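For His114, His118, Asp301, the entry in Swiss-Prot reads Fe cation binding site. Taken from Swiss-Prot, the feature substrate binding site covers Leu136, Val137, Ser138, Gly139, Gly140, Asp169, Gly182, Asp186, Asn275.
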Amino acid sequence: MKDRYILAFETSCDETSVAVLKNETELLSNVIASQIESHKRFGGVVPEVASRHHVEVITVCIEEALAEAGISEEQVTAVAVTYGPGLVGALLVGLAAAKSFAWAHDIPLIPVNHMAGHLMAAQSVEPLEFPLLALLVSGGHTELVYVSQAGDYKIVGETRDDAVGEAYDKVGRVMGLTYPAGREIDQLAHQGRDMYDFPRAMIKEDNLEFSFSGLKSAFINLHHNAQQKGEALSNQDLSASFQAAVMDILMAKTKKALEKYPVKTLVVAGGVAANQGLRERLAAEIQDVKVIIPPLRLCGDNAGMIAYASVSEWNKKNFAGLDLNAKPSLAFETME
């Protein structure tokens, strides 16, 4: 059988990425051009700046991905692209590049949900067994997803306000840390003590919903009040206390979901899945279910994960026309 090569594009936020996947499982290349340095001084992602950067580097990323994979343009069998959720201007750059490539080579265009990409990055670890449950934790999302089969995603619980990654970046800014702050808070937390009693919102409620706005506000108020009194607080202790509260919430809701939906596999994915504290808690507390976390290089935004997620869409012949548009608010369906 002839080899199949998927060329995948990811430009939903501040990473320009192009990857090549061979025969559904072998990731030959995964080129990522990060813009973090450009956004650091603003303390967050500036959509206009992100879009301009994507335009500047997308062509080079395509060339590098093909070269690294050792294939020519003519060998590409299909093109996969993130069409949402994300920043509309950023998404449009990837869509324009993907559609142009698909049109020029007369090959199928596969639309991929960015969050399905995060989830299916777990395929790089081992073949996934369905049904499974996924905890998706990133800068823009915190959700529990039931996956009955590849490509069939249903939200069973999500945040009512801030995403967990967003909360990390906001408290990081209060502590004077550079953006993005998640990794640094994780490191500081391992050096400090959990000595501040931050709220664990909705932790005892009988649902699978999350809330991080109260925790974020309590953190900001504590820090502000200490500054007003001229007291110096330890960033290590603040980080340890904040992270302990976050992990308590994530673990409580995940355990509750596993009770309600008895599956054999739990996938934990998204940028926050790189957090060492979260990985430690999962290893210590989730015993009877196989926990699969993508490798660190596939936790953040990347096109490799989009390629993995596109396989089930390809197998279902779920192709898009060249009129495919960006859907910045795209979301999985909610379980009824």
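Positions of Cβ are set from backbone N, Cα and C atoms, glycine also.
By the criterion of other Cβ atoms within 10 Å of the residue's own Cβ, the least surrounded of the binding-site residues His114, His118 is His114. Within the same chain, the residues at least 6 positions away from Ser138 (substrate binding site) whose Cβ sits under 8 Å from its Cβ are His118, Ala163, Val164, Gly165, Gly270, Gly271, Val272, listed in sequence order.
The 10 Å shell around the Cβ of Gly182 (substrate binding site) contains 22 further Cβ atoms across the protein chains shown. If you take the Cα of Gly140 (substrate binding site) and the Cα of Asp301 (Fe cation binding site), they are about 12 angstrom apart, rounded to a whole number. Around the Cβ of Gly140 (substrate binding site), a 10 Å sphere holds 19 further Cβ atoms from the protein chains shown.
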